[in-house]
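Heads up: the structure comes next, in structure tokens.
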Amino acid sequence: MAEKGFRISKTPVWKKLKAHAEEMKRPEYHLKQLIQEDGRMEGFSLKHVDFFYDFSRQRVTRKTMDLLFELAKVAKVHRKYRDKVDGCKVNVTENRAALHTAARSFSGQSICVDGVNVMDEIDAVRRQMKEFSEKVHDGTVCGSTGKKFRHIVVIGIGGSYLGTEFVANALFAYADKGMELHFLSNVDSHNFETIKTKIDPESTLCIVISKSFTTVETMANAQQMKAYMTSCGLDAVKHFVTVTSKGSPGDKGKESGIETFHMFDFIGGRFSVTSAVGGVPLSLYLGYDRFNQFLEGAREMDIHTKYAPSPENIPLVSALIGIWNNNFLGYQAQAVIPYASPLSKLAPHIQQLNMESNGKSVTINNYEIDQSSGVIIFGEPGTNAQHSFFQLAHQGHPFPIDFIGVITPQYPEGGCRPHGVSNHQELWANLISQATALAVGKDSEEKTRFFQGNRPSSTILLNDLSPVNVGRLLAYYEAQTVYKAFIWDINPFDQFGVELGKTIANDLRREIVARNTNPEHSFGHMDEITRFYLERLFAGRLPL
Ligand SMILES: O=P(O)(O)OC[C@H]1O[C@H](O)[C@H](O)[C@@H](O)[C@@H]1O
């Protein structure tokens, strides 16, 4: 993928960027000055069809951008990206391709991995999802007592859950198929018990989604759900379908009576919402055509990402700005603040996408990373966020923000204008003012009322929250994540960092099983702290 011995932090352009970051500390580069420059908005924003990206309130000048484009060139990002979308095995640690982009390709062109055109199986799964969702909607496929399905319980965690939840929330206004969607992700029994109170088992379809079909939480929840359905006198087989990778323990074939939709080893969990992982629940919830429109939006952003030259390439420009903020200006966190409640689950999805992909300690050639890769991502919708953590954003530790605005809301507003403006106009007044306040700041004799300003943000604008635009937004963040990794020269497609905790949990599970089967089993051989917690679990209360 990259030449051996390559380290981005050792390149001359990296050093030039370091020196430039020092220069950018000078007062004349304070954002309150930069945003006054003629043509700032036009020169520091990009538009691609329905997607507008404004970086005029980032701490960058033309020189910064030129250096960042040089950095992208040195990192050979365009070649790496083309290798990825063409099916090269860019996930070198797992010897896999990374082809989430193929899940929304409609070009008719082959994409080959090991000489096999993956589009054939992707197309077959698309047809299967379409047919299945139509049969559920017309009642041909129904529960074991003949009732139409009205509740869908998605059983999955991490990448087999977060993307679907984000899209389902974003497109709630389009969910007119009479389906209620529930997410059983956490092994915490509260999650399961709460869902039980909300569903009618006879009209409930469970979708077990797990690429590996070994994830402990998902397997436990699937078993709980199966036992519950059986206890309700239902034939559980008729109430379950699975989404899993070919050949996994859950891929039991037609004879099991459970319909299986395949996902593939070349699509990573956190990149999988445009595959059957999102496709099965979302086509049931929204209808297949709307899921398809969502894919169209993602595809269109993929094409832009692949072909647009660096200065016009929106995901690349935002990845470069992210690296500038992180590695050169020293910001360690990034907030995602949509001024649109339907995007309330965007931040948790982007959090996994970014932090699991780019929270790495070695480069693709196994060199220890000597600059940080990945930042802490968090977020909540505005204006709610303003009334919780924005104090820190304005006067405490600064962190860059992605603001997201939607021009036309999903529901038409009535004529009521509480302060002379509609609620949507009020929302926008806040969206605009927050970015300005962060950038400009405010002088004051009173120290507690002083605002330093110079706090960077970008603003993404969408015409509306249609399935197509939600697809564009998703693909934008996916591409931005991948471009960042390609600049840092890390592999964004593996996640070995999640393994250690799971291994320790396996050991503890064995201990708990031993005590469950033998009440005399002692935890005496364990360390004091672990022993304390295990004893409390079995004692059922804190020590007196
Ligand atoms: O889809 P599954 O195999 O059940 O995996 C579910 C999730 O668990 C893993 O621990 C990883 O952290 C995620 O990347 C993955 O999406």
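Cβ coordinates are placed from backbone N, Cα and C, and glycine is handled just like the others.
Whatever TrEMBL says is automated annotation, not expert-curated.
What TrEMBL records for Glu356 is active site, proton donor. Taken residue by residue with DSSP, Glu356 (active site, proton donor) is part of a helix. Note: Glu356 (active site, proton donor) has non-local neighbours Gly158, Gly159, Arg270, Gln495, Gly497, Val498, i.e. same-chain residues 6+ apart with C-beta under 8 A of its own C-beta.
As annotated by TrEMBL, active site applies to His387 (among others). Using a 10 Å Cβ-Cβ cutoff, His387 (active site) registers 10 neighbours.
Residues annotated as active site in TrEMBL: Lys502 (among others). Sequence-distant neighbours of Lys502 (active site) (same chain, 6+ residues apart, CB-CB distance under 8 A): Val216.
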